[in-house]
Amino acid sequence: MQKIGIYPGTFDPVTNGHIDIIHRSSELFEKLIVAVAHSSAKNPMFSLKERLKMMQLATKSFKNVECVAFEGLLANLAKEYHCKVLVRGLRVVSDFEYELQMGYANKSLNHELETLYFMPTLQNAFISSSIVRSIIAHKGDASHLVPKEIYPLISKA
């Protein structure tokens, strides 16, 4: 059976921090599913279709990465792909508290599911989608925080 990991997120928009985690985690799996979440509760700046397109553009050089859109329980998506490992990033202590709860919740729904946590590299530790959204909302230049393939798409927002 193929070793498959899932890296879920809203990716509103995808950042260099996300791509760093995709790069490092894709080396651990035969296949990495990047699951772009619907996340209507977060009121995303970009539509699910736009976010999926951005992620596909940003990850096109990764041969073992597949991008999918999803709505619903992550534990169910993991079962659908026969995946036993979720990939998550941790930047700050508050991320850990939230991710720990989510990891336990996912484990309670799918007992085979483990969560693998990645710390960001130093140059990406401060980057978040919310920082990027704030910069572009105020007409600032966020090109150094996002993959070059998607900057033209987000700078129009």
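Using N, Cα and C of the backbone, Cβ positions are placed for all residues, glycine too.
On a predicted model such as this, the values are computed, not experimentally measured, just so you know.
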Additional site residue, GLU97, GLU99 [criterion: listed by Swiss-Prot with THR10, PHE11, HIS18, GLY89, LEU90, ARG91, ASN124, ALA125, PHE126, ILE127, SER128, SER129, SER130 for ATP]:
GLU99
Largest separation between Cα atoms (Å) of residues that the record links to ATP, namely THR10, PHE11, HIS18, GLY89, LEU90, ARG91, GLU99, ASN124, ALA125, PHE126, ILE127, SER128, SER129, SER130
19
I'd like to know which of these binding-site residues, LEU74, LEU90, ALA125, ILE127, is least surrounded, judged by other CB atoms within 10 A.
ALA125
Spatial neighbours, same chain, of SER129 (ATP binding site) - Cβ under 8 Å, 6+ residues apart:
THR10, PHE11, ASP12, PRO13, VAL14, THR15
